[in-house]
Amino acid sequence: GIAEEATADEQDKGPLVYQESKVFHSETFLCNVYDNAKRRYVTFEIYGLDTQDVLTLGYDYTSFDKEFRFNAELMNPNRKEGRFHWVIERLSIVPVGKERKLERKPEPSEEVPELPIYETTRKIPTGRMDLKERQRLREQMDMLDIKRAENIAKKRAATKERFLQHITRVKEEDARKKQEVEEKIAEERKQRVLSKEECDRQDFEEQARLAAKERQRKKIVAAKEQRTEDQDEEDYRALRERWRVLDAEKANNVREAREKKAEELAASQKAAEEEARRQEELQEKREAIWKARDGRVARQEAEQLKRTLAVKAELQRQEKMRKERNQEFIKVLHSERQPIFAEQLKRAAQRKVAQDQEREAVNTYVERRAIPRKVKTKGKNAKPTDAPHGKASAPKAKGKTAKKAKDEKKDEEKSEAEREKDRTDRVLDAVEAKVRAEMAEEQRRSDLDKQRTQRVEQLERSRQTQEVQHMRKYREDYRRKQVAQEEAVAERHHVMKQRDEERRSAAERRAQERDRLQRVRDHNMERREQERLVALCA
């Protein structure tokens, strides 16, 4: 069974095509390569020679070719042994949890694989081969198949032998264990029978001993009960005699105790009445003191309120005087400003008249210097005129003299127009500068007046805000003080009330405790009296 399973695994992995040895973690491993052409799968298997651990790593043909797609030397699929050696150089054992796993590292490991002794001169076939080389390779392949078949047969035989030996050992061990179990069971049965017989014998002897002991105990108990009855009778007689004496003494003690208790109750009631009167007098004194103190506090508060109102009235009077002074100052300023404002209005009217005159002069100048309109003199739309504008009645001069005279006249008119235009521009610039300066001054004074007004309003608002905050703070302090005083008075009344209630509850508890003790005492006395009567009747 085991050999057949191993053979099936080997057949699934394919034939062994390559073999090397390599050291992993100070242990020598045999590295085998299996190639299954049907499944197109390559399996790398390492076998530990010391621990006999077997680890595998598999590739399909596509993945295996991708490993060498950038390797110029091993890119050719015919160089299988070179590829196998390249992979074995990079194999490494890594721990995964409690187990170990075989992985391929990107770089060769420190351990260098070694070829078998009979393959030290291996030559990887590349290119074309001759007939002898092919014949040698074929013979080597046949030898590999023969050696593999021999190794498989040896492994099968050894495995079968080990399996049969194991089965034989298991059967012998099972038979031995069964024999030991049967012997132990027989021994335990024998011991159990003997133990049961011994227990039965001991039980019989114990019962006989207990029966004899019971008879002896009954005799002793009967004698002791007789002695006890005689002794009890004598004790009862002596006890009844003592009870008579004790009852007489107890009756006398109870009578004395009741008389004493009555005296104590009367004394305690008298003391309680005196204490109550004293507490009432103290309470009246306290209330008188509290009333006097409350009167003093009320007078002090009234005085404080009166002083506060006086200070407030004084502040209001000062504020009113300040406002009056401000109004008087404003009136004085107004009276002082009126002549200035009248002069300013007069100058403004004069400036306006001057501006109107200057505007009329400018308009007149512009109209006088304007180019005259061209009048149609031809056609049906011509207007009849006496003589053309700007032309002399003399006949037109001819030749260069007339033309020169005309040019000189044009230059003279042009220079006169330019001088008139410059003079007008200077007048206009002076008027505009003057107006702009007056407007800037007026704007500056207006801004100063606005700043002054805003400053006065801001100061007034600040003063009112401070006054409101002061009054609010004063009211809060006064209200807090009133509340604290009322809370203190209420706390004192509450404390006195709690003290009176505690005193009354303590007196009630003491009275209830006295009543309870008295009832318990009476009940005990009645019970003892009944017991004594029952004992006497017996």
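Quick reminder: no glycine exception, Cβ is built from N, Cα and C everywhere.
The model shown is predicted, which means the values in this text are computed figures rather than measured ones.
Long-range contacts of the compositional bias 'Basic and acidic residues' (253-264) within its own chain (CB-CB distance under 8 A, at least 6 residues past either end) are made by residues 525. Residues annotated as compositional bias 'Basic and acidic residues' in TrEMBL: 253-264 (among others).
Each residue of the region 'Disordered' (253-279) gets a DSSP state, and the totals for helix, strand and coil are 27 helix, 0 strand, 0 coil. What TrEMBL records for 253-279 (among others) is region 'Disordered'.
Summarising the annotation, TrEMBL assigns region 'Disordered' to 346-538 (among others).
Per TrEMBL, compositional bias 'Basic and acidic residues' is recorded for 353-370 (among others). For the compositional bias 'Basic and acidic residues' (353-370), the DSSP-based tally of helix, strand and coil residues reads 17 helix, 0 strand, 1 coil.
TrEMBL lists 371-381 with the feature compositional bias 'Basic residues'.
Summarising the annotation, TrEMBL assigns compositional bias 'Basic and acidic residues' to 404-464 (among others).
The compositional bias 'Basic and acidic residues' annotation in TrEMBL covers 474-532 (among others).
Away from its own ends, the compositional bias 'Basic and acidic residues' (353-370) comes close to residues 417, 420-421, 424, 427-428, 431, 435 of its chain (Cβ-Cβ under 8 Å, at least six residues beyond either end).
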